[in-house]
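Visitor: Sending over a structure as structure tokens; questions will come in a sec.
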Amino acid sequence: MKLKTRILPFESAHYTVVLDQSVAKKLDVRPSDRVLVRFNGKTVVAIANIAKEFSHEHVGVYVNIAKALGISDGDEVEVEATSPPASLQAIRKKLQGLSLESDEIYQVVKDIVDGKLSELELAAFVTAVHFQGMTPSEIYSFTLSMVETGQRLRLKRKPILDKHSLGGVPGDKTSLLVVPIIASLGFTIPKTSSRAITSAAGTADRMEVLAPVNLSIDEIERIVEKTNACLVWGGALNLAPADDIIIRVEYPLGIDPFYIPSILAKKLAVGSTHVVLDVPTGRGTKVKTLEEAKRISQSFFEIARMFGMNLQAVATYAEEPIGHAIGPALEAREALIALRELRPGDLVDKAASLAGTLLEMVGVENGYETAMEALRTGKAEKKLREIIEAQGGDPDVTPEEIPLGDKTYTLYSEEDGFVYYIDNSLLANIGKIAGAPIDKGAGVYIHVKLGEKVRKGDPLLTVYSSSSAKLQAVERILEDSKPVLVGRTAGRRMLLERIQYQPPRQLVLER
């Protein structure tokens, strides 16, 4: 059936069209059935929404279909009913608790990327994987399929180093130090990062204060060839695109069953050969104990080895924010200060520990000291400024030139004592309520660290925002909640333990 297009100002994870009920009846299409949309030799499979009072001469198409087919408003397209996607059978199989074969997994991932699965079908699949789990073979196949259904960065150099953090600790701007440290020593480290989802700033948000991060594959390859590195947003690159679609379903459900293929697929897509996996460990983070950190790391080791990837996991101290700053502009400022002045100490220590681990993975002796030397000599700072310039930013920017929110609120200590507890999740939430990361100048500056002595009236934290209303919302929260508590605590080290791979033990049943 030939219909004229009406482009609707909506976009979804899957392709969607709107048909009048009279048109749907002629096509024998019911709600959520699939239709084939054809235009100028191109086709997409879309999910049909049925409307009661829509033009019977038109088909409503979402923006992503218009982009995929090159459609303009009023163009004539061919619409016909088509069969359900092949991957539905695999989804039903997983719901029954059965393992999937590699070809079934590829079909599921392909249908996700092609927009053939509805959000309901995708949610059912994600939930099934969450409750049924995956075998190592399934995780391997999902990782491989995610890579194969997206673009890849093809750099003509080896080795390629990389880092990834499981997150959960506020203010973790270590990538802004680790990347230039590694690159300044002649190694390649193309860092693709995410924007904040549940935190006040992701690495891409922090770097965007200093330079554009929404770059193409060609631009990234050129920048890496010139500087050995980049710090860019991965969401613009179509690397493992199935992951971005799955995350949209995982987030409202509060589950994350694909975290291993998600992380490894994006590392494989940029060609990473050596990866340090940062596992922040402590109260208020995703990983609470060293035992849990070791268990999670073993799963990563097993899958990484299947791909020939050299992966080293490290559990890092995460009982408090890294450094003092939370929020894009505040953290970008602090990263520049750390590169020049080697403070705050915990940020510098963690960055040198992660960079040092990577360096030792490629044969450099005394990795930590080598990383510190790159900081002390100014090589790392110079390299970051080269990367900033290559990505289109101002290489001469100073911390003081980075604007912050002009509305502030400071919380003061009500007593003498020692800081004995800092609530990571509450601080991250305060940063978001203040407007971060959308408001780049919003965030929280923590004046104190665990174990520090404070006097009554000393500042504990300052909140920045560009909105008076948002700052007032923060003040109301701080009337009832205390993100910083006073008491006594012991000292701490940033690097808790390097976790070693352990071959799986054979299970022997007693007879």
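Counting starts with 1 at the first residue shown.
Glycine is treated like the rest: Cβ placed from N, Cα and C.
Below are the features listed in Swiss-Prot for this protein:
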type: ACT_SITE; residues: ASP256; note: active site, proton donor
type: BINDING; residues: GLY168, SER194, ARG195, ALA196, ILE197, THR198, SER199, THR203, SER262, LYS286; note: AMP binding site
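Set these features in their place in the structure for me.
Guide: A simple way to gauge crowding: the CB of ASP256 (active site, proton donor) has 15 other CB atoms within 10 angstroms, across all the protein chains here.
Counting every protein chain shown, the number of other Cβ atoms lying within 10 Å of the Cβ of SER262 (AMP binding site) is 20.
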Visitor: May I ask for the distance between ARG195 (AMP binding site) and ASP256 (active site, proton donor), taken between their Cα atoms and rounded to an integer number of Å?
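Guide: With distance taken Cα to Cα, ASP256 (active site, proton donor) is 17 Å from ARG195 (AMP binding site).
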Visitor: Cα-Cα, whole number of Å: ASP256 (active site, proton donor) versus SER262 (AMP binding site)?
Guide: 10
Visitor: Just jot down the residues in the same chain as GLY168 (AMP binding site), at least 6 apart in sequence, with C-beta under 8 A of its C-beta; none if empty.
Guide: PRO280, GLY284, THR285, LYS286, VAL287, ALA318, ASN424
Visitor: Helix, strand or coil for SER262 (AMP binding site)? Use DSSP.
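Guide: Its secondary structure by DSSP: helix.
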Visitor: Using DSSP and collapsing to three states, where does SER199 (AMP binding site) fall: helix, strand or coil?
Guide: coil
Visitor: Mind giving me a neighbour count for ARG195 (AMP binding site)? Other Cβ atoms within 10 Å of its Cβ, every protein chain shown.
Guide: 19
Visitor: With an 8 Å cut-off on Cβ-Cβ distance and a minimum sequence separation of at least 6, pull the same-chain contacts of SER199 (AMP binding site), or say none.
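Guide: Once residues fewer than 6 apart are set aside, SER199 (AMP binding site) is near GLY167, PRO170, ALA428, GLY431, LYS432, PRO437.
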